[in-house]
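J.: Sending over a structure as structure tokens; questions will come in a sec.
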């Protein structure tokens, strides 16, 4: 069971809504993933339409919506988008995203911290997408963010946990949930994140662009479950030396 702010989730896999070939495939994949928290970009939602092709099926699916501020380049733009989301969707939950460079989509640490502090004061439950910077994640936690979402690699790159060393520090020092976001390309990456102590992962591109998104979503669900179970089972420590699993000393002496 994962608790963030005032909500609990059975699934430790969060999903996105971008890049799917159709809204039907999006919903089928989300259901197959078992995800209960789904993020959507406010820039992709037509708030003038009650039957928006993205929003309506998500509401029907009964998932918790996590609107994001993707597209915002400054704290001011993100704060404006956050208020639009709260008014339109009736939720104070927000994935804070500020990335001024459209090529790399790397989060702006200064603007993110600035916006996070303001939004928390305004009553939002803020989950910030950020770089894998232990100092920044601690600062975001201190200003009241409900979780931190450091990247594993650039958005949509499918490179995996390129920031593993920093993620380990973030996880070790955090007192709020850590959700590894961005760069997760295959289910084994998700399993590794849970094994190393992350509370959840957010996956979008790897599922949406797969040849079979529904089955890929299932694979991610199983991988996250396996990674969590492995961590809870207490894996053995790594060693530089070999350790025999079946000592042969007694057997050899008895045969002599």
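Glycine is no exception: its Cβ is also placed from the backbone N, Cα and C atoms.
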J.: Quick check on the annotation: Swiss-Prot has 182, 183, 204, 205 binding 1-deoxy-D-xylulose 5-phosphate, so which of 156, 197, 227 does it put in that site too?
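T.: Given 182, 183, 204, 205 bind 1-deoxy-D-xylulose 5-phosphate in Swiss-Prot, the matching entry from 156, 197, 227 is 156.
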J.: Taking just the CA atoms, what is the gap between residue 95 (active site, schiff-base intermediate with DXP) and residue 204 (1-deoxy-D-xylulose 5-phosphate binding site) in Å?
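T.: Cα-Cα, rounded: 14 Å.
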J.: Under 8 Å Cβ to Cβ from residue 183 (1-deoxy-D-xylulose 5-phosphate binding site), same chain, six or more residues apart: give me those in sequence order, or none if nothing qualifies.
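T.: Within the chain, residue 183 (1-deoxy-D-xylulose 5-phosphate binding site) has Cβ neighbours under 8 Å at 151, 152, 153, 154, 155, 157, 158, 159, 160, 161, 162, 189.
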J.: Cβ within 8 Å of the 1-deoxy-D-xylulose 5-phosphate site's Cβ centroid: which residues qualify beyond 156, 182, 183, 204, 205?
T.: 16, 153, 154, 155, 157, 158, 181, 184, 185, 203, 206
J.: What does DSSP say about residue 205 (1-deoxy-D-xylulose 5-phosphate binding site): helix, strand or coil?
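T.: The three-state answer is helix.
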